[in-house]
Every structure is written in C-alpha cells, then in structure tokens.
Amino acid sequence: MSKRNQTLGEFIIENQTSFKYTSGELSRLLNSIRLAAKVVNHEVNKAGLVDIIGAAGDTNIQGEDQQKLDVYANEKFIQTLTKRNIVCGIASEEEDDFITINSQDENHQNKYVVLIDPLDGSSNIDVNVSVGTIFSVYRRVTPLGTPVSLEDFLQKGSAQVAAGYVVYGTSTMLVYTTGDGVNGFTLNPAIGSYYLSHPNMQFPEDGNIYSVNEGNYLDFPLGIKKYIKYCQEDEGERPYTSRYIGSLVSDFHRNMIKGGIYMYPKSSKNPKGKLRLLYECNPMAFIAEQANGKASDGYTRIMDIEPTELHERVPFICGSKNMVEKAEEFMRNN
Ligand code: AHM
Ligand code: MG
C-alpha cells in the first residue's frame, strides 16, 4: 500500500512481494538506478556552473552529436548497474552494441537486462530545460550460465518487468512501474532521498494538450495532419493547447499529470520516426498503459511490436487514452 512521506527505498522494500518474481534482485536493480540518478542529477544541476556543457566531440551511432553530460550519464548508469551482480547485459542509446556483464565468480547467473537512454533530450541542457533518463528492464530469455545475447534485448515491450524515467526538472523525480501501477518520487536534494509524492499516477482519459514538433508538419502523414487540425478546431473543448518542450520525458510527464497527447510521427527527415523503440518508446508505453494511458505507432500497440534491431526507430503516439484513439482513427481513415 502506498503511503505519503515514504522514501523510495522503503517503498521498494515494502512492495517487492507484489512483484511476481520476488527475489529481491529487481529491488536491488531499482536501487542502483536510484543511486546513479542521484549522481547524474548532481551533475546536471551543475551544468551552468562548470565547463561541462557542449558537445564532447563524439557522435553516437544515430549520427547525433553527443553532449558531455550524455557521456557522463551513460558511464554512471553503466558503472552502477555493472557492480551489483543483478544485470547480465546493458544496451544504451549511447553505445553501438550491447554490453555483456559477467563477474568472474558468477558464471552468467544474472537474470536481468537493462536498456537505457541515459540522458534524453540532451540538446536542452545548454538552455537550462529539463532532461531525463529512461530505463527498461527485462528478464533474459537465454539460459542462465550462457553469455547474454541480442535476443535478450530484442524482446517485445509487453515482456518488460519494469520501466521508469527520471526527470531532472524544477525538482528531480523518479517515476516507475513494475506492472502494478505507476508511482512518482521526488528527490529532496538536501537529504538525498526520494519521497513518494505522486502515488498511483493516472493519465486523465481525456486531455486538452497536444505535443508535437509542428515544424515538421508539411512532412507528416495525412492522418496526423488532419488530427492536428482537429486539435485546433474551435468546437467543444477544442482548440487544445499546444505544448512542446522537445524533451520526451518532460512532455510525457506533463501530459500524464494534466491530460494530453505526445506525437513523434514519421516525416521525410525521419522516415521511420525519430524515437527509439527499445530505449524510449517501450518504457514510456509501459508506464503509459500502467497509468491508464495508451501508446501506439498510429496503427499498432507499441508494446506488441517485434523489435528487429537495437537502435530501431518507430513513430510514437502516446498519452490520454481517448486522445490516442482519436489520432489512431485519423490514421486509419486517411
Ligand atoms: P535524443 O534521445 O537524441 O535526446 O532525442 C530524443 C528527443 C526527445 O526527448 C524529444 O521529444 C525529441 O527528441 C525532440 O525532437 P525534435 O527536436 O526533432 O522535435
Ligand atoms: Mg533519447
């Protein structure tokens, strides 16, 4: 049962028995994410103070400039997750290939794989706008005792056992699900503890916010164009409000609290969509569904898509159920 004034550590321990694989390992895994997020948070907050902002001069596999904090966050999450004998492999948006983890003595006995976008929306750092971390956890499908393999990572979103995000915003929050609802915890920076601040988070069924990069409008599929026009029509609750931060975690977080829809459709610039199925869309879809929302590529439930490669991209429509269904209706009919 969720209680206010409960720390994340207490909540994880109290709720670990409601998780269907009750070995305590998942709790330890969430604890390590909580710790790494605190370290990254500290660094993100210093971004304006120290000479850490700006590109590191490296380009990730997606051909995008990496920011220094991307590199830092990537290292911190990987280090923290590697040390604890829980995770057998990590795939990161910032790494070309997955990382195999095996300590000398445990002979590939770890059960979980983690997929992570260590610092999403990092182009916002230089201008002091919120960024986030997104993570997704699966049980491996290959036998214990063997090295982790690609198929352990290429699982459908519906097989996720946990997912969450951290938003480094006006306050820092960690929001996660283990398939039993969604809870949000706010970091008290003076003490360094996260407190349960948003128990049982739910998307309102309907909303009046739409979030999309309208600069790409001319390239959008007809169904999306017509849905955007529908959002702008003067009828009933409409026109809706347009809000786009350009930081998925922040746009999602606002929409979950206030009711809204986020869209990143395909366009000629991003013919398959921009967002990554494994690091961004699946974890957000799991959280959305656990919070009574919906996530789709316009036609198919995100979590039903069979992944074929680690860095795969998909169109993404996510948010309040009725709004996503309306957008899907426009996609089907156009
Ligand atoms: P990133 O992982 O390189 O940071 O890209 C993902 C981000 C999302 O957070 C955000 O919603 C989207 O890219 C914004 O893209 P655009 O600037 O094309 O609107
Ligand atoms: Mg990202």
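Heads up, the Cβ atoms here are built off N, Cα and C, so glycines get one too.
Per TrEMBL, Mg(2+) 1 is bound by Asp117, Leu119; the candidate from Glu75, Glu93, Glu94, Glu151 named for the same site is Glu93. Together with Asp117, Asp120, the Mg(2+) 2 site in TrEMBL holds one more listed residue from Glu280, Glu289, Glu306, Glu309, which is Glu280.
Going through Asn85, Asn102, Asn213, Asn216 against TrEMBL, the one listed in the substrate site together with Asp120, Gly121, Ser122, Ser123, Tyr244, Lys274 turns out to be Asn213. With a CB cut-off of under 6 A applied against ligand 1, the binding-site residues Leu119, Asp120, Gly121, Ser122, Asn213 are reduced to Asp120, Gly121, Ser122, Asn213. Comparing Cα positions, Asp117 (Mg(2+) 1 binding site) lies closest to Glu280 out of the binding-site residues Asn213, Tyr244, Glu280. Cα proximity to Asp120 (Mg(2+) 2 binding site) (within 10 Å) is found for the following binding-site residues from Glu93, Asn213, Tyr244, Lys274: Glu93. Close to Glu93 (Mg(2+) 1 binding site), meaning Cα to Cα within 10 A, are the following binding-site residues out of Ser122, Ser123, Asn213, Tyr244, Glu280: Glu280. For ligand 2, none of the binding-site residues lies close by, meaning a CB under 6 A from one of its atoms; the full candidate list was Leu119, Ser122, Asn213, Lys274.
Counting residues of the domain 'Fructose-1-6-bisphosphatase class 1 C-terminal' (204-331) by DSSP class, helix then strand then coil, yields 56 helix, 24 strand, 48 coil.
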